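First comes the structure, then the notes that go with it.
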């Protein structure tokens with residue numbers, strides 16, 4: 001009886017271990033495994049290689065200038081100043097980063113996703129119309145839009161990976177700060193990715209996907225798609 005109990009307990013422990021085991025969250029778009037023949041090649045890790053602690057200095061945990069507004073001289077009328085592991089090396093492995101978002105009147109941070117992070121945004125100045133769209137629902141149902149008008153002091157959360165946007169619907173500049181749950185959250189701006197990729201996606205694919213005339217797709221692909229994210 002005791003032997004049977006111990007075997008059952010061991011099986012249950014192994015089952016729980018399998019249930020809770022998982023791959024680490026990716027910290028860049030992909031991490032392709034190298035073959036045995038490439039063992040001597042340069043290795044790209046999932047994240048960044050750690051610096052020797054003996055040579056770490058305070059500047060590795062420091063960033064200066066987030067009090068200064070970003071340039072708004074672009075067609076979108078917005079500027080995202082990123083503060084992630086590329087600006088603060090000490091953020092490596094800590095799973096957190098920050099961004100300042102400046103808006104001109106009627107400026108837009110266009111529909112985009114963060115594939116590796118949830119975002120929490122707080123408005124400091126101005127008024128923002130914000131929202132996110134859910135992932136594809138069951139058949140014959142539509143993606144749901146969650147939207148809200150935010151005033152100074154208001155906070156809104158954008159779940160990881162979902163398409164979201166922020167629009168300054170006021171007549172004055174607006175400022176917001178965002179915290180993100182990854183040292184390197186990534187940004188995919190939907191219009192830029194779909195219509196501005198290099199090489200371009202076949203118009204036949206986009207014409208079918210969007211159910212529009214081929215000339216519409218060619219026009220959209222001929223435009224310059226601005227990136228408002230800056231380090």
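Keep in mind that glycine also has a Cβ here, set from the backbone N, Cα and C atoms.
Taken from TrEMBL, the feature oxalate binding site applies to 109, 114, 119. Counting Cβ atoms from all protein chains shown, residue 109 (oxalate binding site) has 28 others lying within 10 Å of its own Cβ.
Its Cβ taken as reference, residue 164 (Mn(2+) binding site) is surrounded by 22 other Cβ atoms within 10 Å in the chains shown. Annotation comment: TrEMBL describes 112, 114, 119, 164 as Mn(2+) binding site.
The annotation disulfide bond is assigned in TrEMBL to 31-50. Using a 10 Å radius centred on the Cβ of residue 50 (disulfide bond) and all shown protein chains, the other Cβ atoms total 11.
The domain 'Cupin type-1' feature in TrEMBL is assigned to 64-218.
Look at TrEMBL and you will find 1-21 tagged as signal peptide.
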Listed in sequence order, the residues of the same chain lying six or more positions from residue 114 (oxalate binding site) whose CB sits under 8 Å from its CB are 158, 160, 161, 180, 182, 185, 186, 187, 188
If you draw a 10 Å sphere on the Cβ of residue 112 (Mn(2+) binding site), how many other Cβ atoms land inside?
21
Neighbours of 109, 114, 119 excl. site residues, C-beta within 8 Å of centre, oxalate
99, 112, 113, 117, 121, 158, 164, 166, 178, 180, 185, 187
